[in-house]
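Database features, via TrEMBL:
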REGION    1-20  region 'Disordered'
COMPBIAS  8-20  compositional bias 'Polar residues'
TRANSMEM  45-68  transmembrane segment
DOMAIN    46-518  domain 'Major facilitator superfamily (MFS) profile'
TRANSMEM  136-155  transmembrane segment
TRANSMEM  196-214  transmembrane segment
TRANSMEM  226-246  transmembrane segment
TRANSMEM  266-288  transmembrane segment
TRANSMEM  308-327  transmembrane segment
TRANSMEM  339-358  transmembrane segment
TRANSMEM  364-389  transmembrane segment
TRANSMEM  401-424  transmembrane segment
TRANSMEM  430-450  transmembrane segment
């Protein structure tokens, strides 16, 4: 009997301890849920999710630079050896030069395919984001990026690599645009928005500049699959975090929000067009130098492979410095955003013109750091300006306007791998850099058009737009009546008997009320 009683007692104790542990886990989960739902902390978590997504996208964009050419060359060598076994030596000698030219073209098309597809999808993704909100497109983009990274890891031929690169462009069109738009939506105050977008730009820069050495080292010592599998794991974690925090398929807050301005109307807005042009032109030097500078370094300064691999890494630090300075200056002098952008373009232009004069690796670092410093100024100043322009001239829905910003980047990075090599071949590396520098310097005065942007006020509030269709409830009916009375110069008063009466309203009172924007 005693052993049975002891067994029963142990079972009861185990059950009690299990129940207490479950209750503790439930309490911790509840506390975690409360922490996540806190508005300020949720904003920070969302910023982390978006920054990781942008980091992953830019790492995946640049990690293939040291991997894919060498990998494709190995595939081409294996194919040539197989061909040598069955084809006569003379015929293979005649096809070697043709294969080399074809190989360079394949590399260029593969590198550009991501930006080209992203460029084509962005107008559709911007409209989709405006209609369904920011969380679902961000989750979709992370899933597509995860799949494309896995395909990169296991791809063994050119067609599969091309599919993976194109899928990355599709995922980026959703994840990048919705991520930047989500930051603009959550951080409504201009100072906070500039700071948050500056942090996001720092992650973009870090991803682009650290990816080539990251990919090159892992490819050399661990093989092709390892860098892609690491990025896929990080992407999966970010997707799970997005699913838990944003709850994209259960959040229906945007059903009652206004419909955003169509993307074609935003494109013809002169202020937005000027910003989009500046974003394209300031990124052209970076996009055009990336595929051409390695060959130029080998020919002119006989650079080693590690120097070519580390070319852009030192430029990360001035880029972060540029972001930091612009955020601080924008907080103190917010009306000079256009000036910071113009200074950045002049910096880019001067630095680009001095690149061909460099004779060694140490000298080359100075203009490359100047280019990235200038790009940081332009991006950090003008991306928040896009959000502000939408706030004051359109409806505060940000999907389409940041799709336009993404299109601006994609134009530069789609042309770079395809056009830059041809320009160097036909005109020369010096002429390419002088042309890019001159374009930046000449475009800088166009930003004067943005000089008075900060003095603009909304011509019509979002609420008034919603009320234009007529009152749909008691609150809207009262608001409509009050608006009509204001237009007629009447104000509402309540007499001692509780009866509503109307009195003539003075102009000074109407002006001080601030009910309508001029």
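Cβ coordinates come from backbone N, Cα and C, glycine included.
In TrEMBL, annotation is done automatically, which means it is predicted and not curated.
Within the chain, the transmembrane segment (308-327) has long-range Cβ neighbours (under 8 A, six or more residues past its boundaries) at 66, 194-195, 198-199, 201-202, 205-206, 208-210, 212-213, 216, 290, 293-294, 297-298, 340, 344, 364-365, 368-377, 379-381. Highest Cβ pair count under 8 Å relative to the transmembrane segment (339-358), across stretches 45-68, 136-155, 226-246, 364-389, 401-424: 364-389. Contact between the transmembrane segment (364-389) and the transmembrane segment (45-68) is not supported: fewer than 3 Cβ pairs lie under 8 Å, counting only residues 6 or more apart in sequence.
Remote same-chain partners of the transmembrane segment (430-450), defined as residues 6 or more beyond its termini with a Cβ less than 8 Å from a stretch Cβ, comprise 270-271, 274-275, 277-278, 281-282, 284-285, 288-289, 292, 337-339, 341-342, 345-346, 348-353, 355-356, 374, 385, 420, 423-424.
Long-range contacts of the transmembrane segment (45-68) within the same chain: residues 36, 107, 110-111, 114, 138, 141-142, 145, 148-149, 152, 161, 165, 168, 171-172, 175-176, 179-180, 182-183, 186, 196, 199-200, 203-212, 214-216, 219, 224, 227-228, 231, 234-235, 238, 241-242, 245-246, 290, 309, each at least 6 residues beyond the stretch ends and with a Cβ under 8 Å from a Cβ of the stretch.
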